[in-house]
Amino acid sequence: MSERQQLTNARGERIAIVSGLRTPFAKQATAFHGVSALDMGKMVVNELISRSELDPKLIEQLVYGQVVQMPAAPNIAREIVLGTGMDISTDAYSVTRACATSFQSTVNVAESILTGNMEIGIAGGSDSSSVLPIGVSKKLAHALVDLNKARSFGQKLSIFRRLGLKDLLPVPPAVAEYSTGLSMGQTAEQMAKTYNISRADQDALAHRSHTLATETWNAGKLAEEVMAAHVPPYKAFIDRDNNIRENSKLESYAKLRPAFDRKHGSVTAANSTPLTDGASAVLLMSEGRAKALGYTPIGYIKSYAFTAIDVWEDMLMGPSYATPMALKRAGMELEDLTLIEMHEAFAAQTLANMQMFGSKKFAEEKLGRNRAIGEIDMSKFNVLGGSLAYGHPFAATGTRLITQVCHELKRRGGGTGLATACAAGGLGAAMIVEVE
């Protein structure tokens, strides 16, 4: 495990998170039905620049991510530059790290600033579950390539004769992990059984998340970090997340059937995140450049870590591996944190990680530590609600977490906060921010 990180540039300046913004998050096929991830990305980056009153020519790089790729626009970052008011000379490239994608884009920009290669950049991510790349079967794809090479009508006819009716059916994007064949929901169900997570506890966490998110919106706490999004044909707009159960009642959660193991399961649609559309972004600068331009940053990056574990062994345990590494690099312990933001992909996954944070056995056997990461103080944990309520556009969640924890720390007078997430492929991400 790496020792303490020194996240300052050659002049001793920290990485400033100047501001962050996101679209409202919307359930699949609702407010953003027909709006691509690229269009949502352009929306949020344009608005972020506008609100920051920053000359676009000063932005040296955009690193942006997407999980559900658009074949027509594989480099979403560059398309955002070309499709907004940004200067065409702005460098741009795309990244993907499953549900930790915008953690990665943020770190990439931060590292470029740390090396002195630049001083101002934007990072973020966007995903649409409503505009999907619908593919074709392998046999049809093979046949289409052969058709392109065929010269005669007879050759083309023989190629068509190889196909059956089922080969002509469209193929939606895979929801299963490529290596295991398991969906994320099946993995969460597996974790619920491994760690004895009860249905009642899962439902209680989901109810808490929706209740806190409702209170957060009603208190106006998200006004600075969520934009109003106007969508074609521009007769309506969305300015609030539409997955939140504003009248959440705990007893109603018990009525839903298990979604992934019908007979013996406990993971339901109510204690899982739904397929979601949305985009988010953060503006990063060197501390000196931010102050020279008159900005008061919402926070600074103190440390970060990425980890990977076996996909066959409860692969959504990323926070339990990445968090202790980020804490060590920051020279901190869990109890030193003011706030903790953990991505709630599923209530089962979240509760399993929370359980392992407090497990000395897990720490000794899996982390090589002689003490547990620490028991989570619920008064610090996801205090504004989490992904179970807000939703989860895969590539957008990381920068939502980072922005949200910075703003809440600011409201509380400063401190340090953890943002952490699991990701497909057994990946994990954690970032510690400090706010003055």
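Just so you know, glycine gets a Cβ as well, placed from its N, Cα and C.
In sequence order, Val67, His343, Ala345, His392, Phe394, Ala395, Thr397, Gly398, Ala421, Cys422, Ala423, Ala424 are the residues of the chain that are 6 or more apart from Cys99 (active site, acyl-thioester intermediate) and have a CB within less than 8 Å of its CB. For the recorded site, Cys99 (active site, acyl-thioester intermediate), the DSSP three-state label reads strand. The active site, acyl-thioester intermediate feature in Swiss-Prot is assigned to Cys99; the stated evidence is sequence analysis.
Swiss-Prot lists His392 (among others) with the feature active site, proton acceptor, giving sequence analysis as the kind of evidence. There are 27 other CB atoms within 10 A of the CB of His392 (active site, proton acceptor), with all protein chains counted.
All chains included, 35 other C-beta atoms sit within 10 angstroms of the C-beta of Cys422 (active site, proton acceptor). Residues annotated as active site, proton acceptor in Swiss-Prot, with sequence analysis given as evidence: Cys422 (among others).
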